[in-house]
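> Just passing along the structure, written as structure tokens.
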Amino acid sequence: MERADSDGARGLRWSARTQMERADSDLPIVFDVCFSPQVILVQVNPGEAFTIRREDGQFQCITGPAQVPMMSPNGSVPPIYVPPGYVSQIIEENGVRRVLVLPQQPEFHPGGHSPLHHPPPPPHAHLPAFIPHPAMLPPPHPTSTQCLCVSGLLPVSADSHSPHGRPPPFVHRDERASKTYERLQKKLKERQGGERGGGGGQMKDSPPPSPQKSRGSPPSMDSIYNGVVGGGKGLEAELGQGQTSTTAKQMEKEPGGKEGQWPEGCATDTFFSNPEPRLIPSCVTLQVTDIQAKGAVLSWVAPSRAEGEGVSPSPEPLSYDVSISYSGKDGKYTSMYRVLAVCSGQCLRGSPSEAVAFTTRSCEPDPPGPPRKASGSKSSTLVLQWKAPCDNGSKIQNYTLQWDEGKGTGGFEQCYYGPQKQYRVTKLSPASRYSFRLAAKNDMGISEFSETVDLYTSCSVPSPPLPPELVKAGVTWLCLTWQRPSTSPKEDDIFYSLEMDEDEGYGFQPSYDGDELSCTVKNLHRSTKYKFRVAAYNTEGKSNPSQVAEFTTCPDRPGGPCRPVIRGRVLPNSFRLAWEPPKDNGGAEVTKYVVEISEGLSGVSWELAYSGPAMEHVCEGLKPGHSYQTRVYCMSEGGQSPLSETLQVQTPAVPPGQCQPPRVVGKPKAREVQLRWGPPCVGGGSPVSVYSVEVCGAGPQGSTGQEEVREVYQGSEVDCTVGSLLPGRTYSFRLRAANKAGYGPLSEHCEVTMGPGAPEPCKAPHITCKSPTVAVVSWEAPACNGGVISEYRVEWGAAQGTMQVCFSGASLTHEVKGLLPATNYFCRVQAVNVAGVGLFSEAVLCQTPPSVPAAVSSVHEEDGPPTPPLYSPSTCLAVGWEPPCDHGAEISSYLIDLGERQSISVGPVTKYIIQHLQPDTSYRIRIQALNNLGSGPFSHTFKLKTKPLPPQPPRLECTAFSHQTLRLKWGDGPAKATPSDALQYQLQTEDKRGRFVSLYRGPCHTHKVQRLNECTSYMFRIQAFNEAGQGPFSTVYTFTTPRSPPAPIKAPRVERVEDMSSVCEVSWEPLLPMKGDPIIYTVQSMMGNSEYKQVYKGSATSYQMPGLQPNSEYRFRVCGIRQCQDAPELSGPYSPTVTLSPQRSELSAGSVSSVGPRAGADPARPLTDEQWAALIIMLCAVISILIAFIIQYFVIK
């Protein structure tokens, strides 16, 4: 029923359902009724009828389609009175209330679902009642033939039992119906016994008694009264219902109405009923025609009415109660239906007709249920099972299973056809959806397909998830989160296991197990580092754990620091405050301390004085003679600590304030001056006891340079005389006062200039050389100190101790002549005035200009360098000479004259190799020196001769190399030669300092360089020499050694994992990194005599291999791989092979076959292909070495 407000009116609607005469469907009939506040519109569907009771008590039947207006006093739902065998139920869905009229007893439904049983709604006494009635035909003529088409029957065969060996599901009774049947059966026996014992006859107006019938037999005509077995309550008693119709209630009042019932196993459907029946003496004869698999046509002839029975002269419409039952016997049910018809009118009641038996035909099976996934399904296999549907009288022969091949396009292909009730679908994809449907086939045909069902294959073992991440950390908890493995499909149910390591020696312990992607680990220690890893698992197994992630809990709030203390003396404007760290830092280092200070003793206002990591602080900017309070608190990652206890500090008094500058009394003399001053404006709280006068000596008059500061007076007087001063100088005087607290600040400067004196020392003179033998000296006039300078004196000499006066006069310049070129001289100047002679200036060093160099004294032939790069005694001459005097100018170059050849200019060297000469030829040589001033004279002529030509160097080649050795070869000839050969060679290499050192010297043509470093370039050169001399060196050859592969790994250790017989763990010893290059490892395994396959590659030193097959032998080997930064990976040799023997059945459960290099060896096992190959290579190598030795010993020598 639904409620809706429209224009202020409330509309109501309900639907009543009942199973009446619907020949084409087994669904209940629906009556839709629409309500307004006063008018009720009852909608009657086509093929249905609606019966109401009018105000005069008469019944009116209205056939559909029609809308019947009815009045409702308040617009609510009126009570629904249902016919016998039906109940009403009010349900509400989506705001709509519906009244359902449902059959009371369980009936057969083609869909296999039993009808609902709900108690009827309570009637409303204040509303007028109307009855939804089943479809009624118009009143027939007394002699007309009536026909009823019955559908929805069960197809049966001639067998006496169900095809599947079990009774149909609709004949079962619940516990209450069984008890009611037993109770009624007992009353029936008591009544029959009473009638026999009493011998009394029947009452005139009472119906005949119902005799006792055997189980499984249909009821006789005497046991059915007015279409209701046993007086009208047998149907309700068998169904166990407590609600009866109006007709049933009237029947219960009649004698014998509680005695009879249908036989056990008989399910009865009453199609028509009349509320007030009377007895009709004649019966109805039924005929069954047109029998189909699920339907039959029932027909009968209307009974004739007897005269003189008090029947109303007006013809009354007749209705018929047709009952149909399915009977069985001794638990073996027969596929047969019996039909009973009862004729009744408004005031008439007829006796039941005779039972007519008929058998329905067989047909195709019912649609089977969808297949379901059974145990044994894996990631690539689905095991499907299904149950057999009702075969409808013909045995099911085969089943057709179709699937969509996982495409999801809606198209289906057949994957199985046969009589089995299960099928295994293989070669499927993991974690994929596949749709299936099923159909059954018998001799009559194939059934409809079942509902399409979607089944999923299980997933493989999840891949290791990423390491957990920290969401938030607390003092005693950590909130972690992780991600779902990227390779796992969304349909797979993934669970996670979070493990934690507390570094207590117990390893990783589980702390969470579930399907969530986050977890909060509690009850942890503060400021402690924990290790976490997470593993994913599903129904297929558990993945490897993720990489270990380390997280640290937050520290706690630190404790308060100790009470601060004063360190050192309290100053008037500052004091040093120190404190100790808190006893409990909360698990984290204290990051900073905060000092607060408050002026006065009230402590109302606090100011920040310091914030930092130090544990002491100088509080500055204080007022002298004031009281202060200080307190400290600290902060760390855990938060802020409580405040410390308060410390009170009293600052002392201050010295006096600044005085006014002193004043000069009278005129300053040459060496003394008199000063006077007054007291300071601020006394500092104590009388002035001492005055102090300081003087700062300045330079001469007009100079700004300062000299040392000294105290010239200290006392209590306010004047003094300062002596021992220099004349003509300017001095600066300052004054300060002192009391018991100390000295106050100095006053401003008071500058005083003294009387005249001797001149100041002259500045260093300036010397200019006009030529190598003439120099001009000039100087500036110094400060005269109050007297005019009368003359200047100039001293000149080659040394400071031997200088003599060379000039005396008033001029400021002087020219000195007769000097030597490129010679050092010293000079100084002195000023004289009326007050006296001044001091000499600083001595100045002067050097006369240089000249052209002198002639080269001697020329000789030098020995050539032992390994010159471009020197050849046959075409070169090594010439050497002594450098001449350069006369003050550095020699820039030399000119070598070879006579007829062009002269050669060389740099400022004393040795030179003259190249491109003719071998075995004499040359005349002379040399001239040059500088920036010109060229000097040539030296004497010298005669030199070149040597014959030496041999040329051969080509150098590298024939073999490794990471530690290089084999070099040059020239054509045997590898070994005798020392007496005329032509010999010298092989050199460059060392770390860039010098070439000799590696080999002799007649051989090969040499092996050993003890080299890996991945290093080496430079070599070679030289040939004979009796003519040493030939030139070859060009520099560069050869690079390759990188060194990792060292071989010892035999790994293989152990089976406890409680996991299909998993083993392979571990090995790690290798150290090689020159910064990391080392990773690769693990190869071989099952039986198959090829080796790589199962792991990474930096870990252990690996757990899952999926081991029982009774199989595995071999493992490990090698190191060097990951070069600028080169490809370099693999080392493999470790010895380790064998994992199959697990014997006689071993105890959980025992693991742990093998090492010896445990895997089986002396009876034949050699593998790799071992045979290694043995053949070793034999070939030994034979090759023997052949080479024979050739070397017998052929070459």
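Cβ atoms here come from the backbone N, Cα and C positions, even for glycine.
Small disclaimer: the values here were computed from a predicted structure and weren't measured.
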> What range among 158-177, 638-657, 698-717 does TrEMBL record as region 'Disordered'?
158-177
> If you check TrEMBL, which stretch out of 552-585, 926-959, 1130-1163 is marked region 'Disordered'?
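Range annotated as region 'Disordered' by TrEMBL: 1130-1163.
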> Using DSSP, tally how many residues of the domain 'Fibronectin type-III' (950-1044) sit in helix, strand and coil.
0 helix, 48 strand, 47 coil
> Helix, strand, coil: count each for the residues of the domain 'Fibronectin type-III' (1045-1145), based on DSSP.
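Split into helix, strand and coil, the domain 'Fibronectin type-III' (1045-1145) gives 0 helix, 46 strand, 55 coil.
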> Can you count helix, strand and coil residues in the domain 'Fibronectin type-III' (862-949) using DSSP?
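Helix/strand/coil tally for the domain 'Fibronectin type-III' (862-949): 0 helix, 38 strand, 50 coil.
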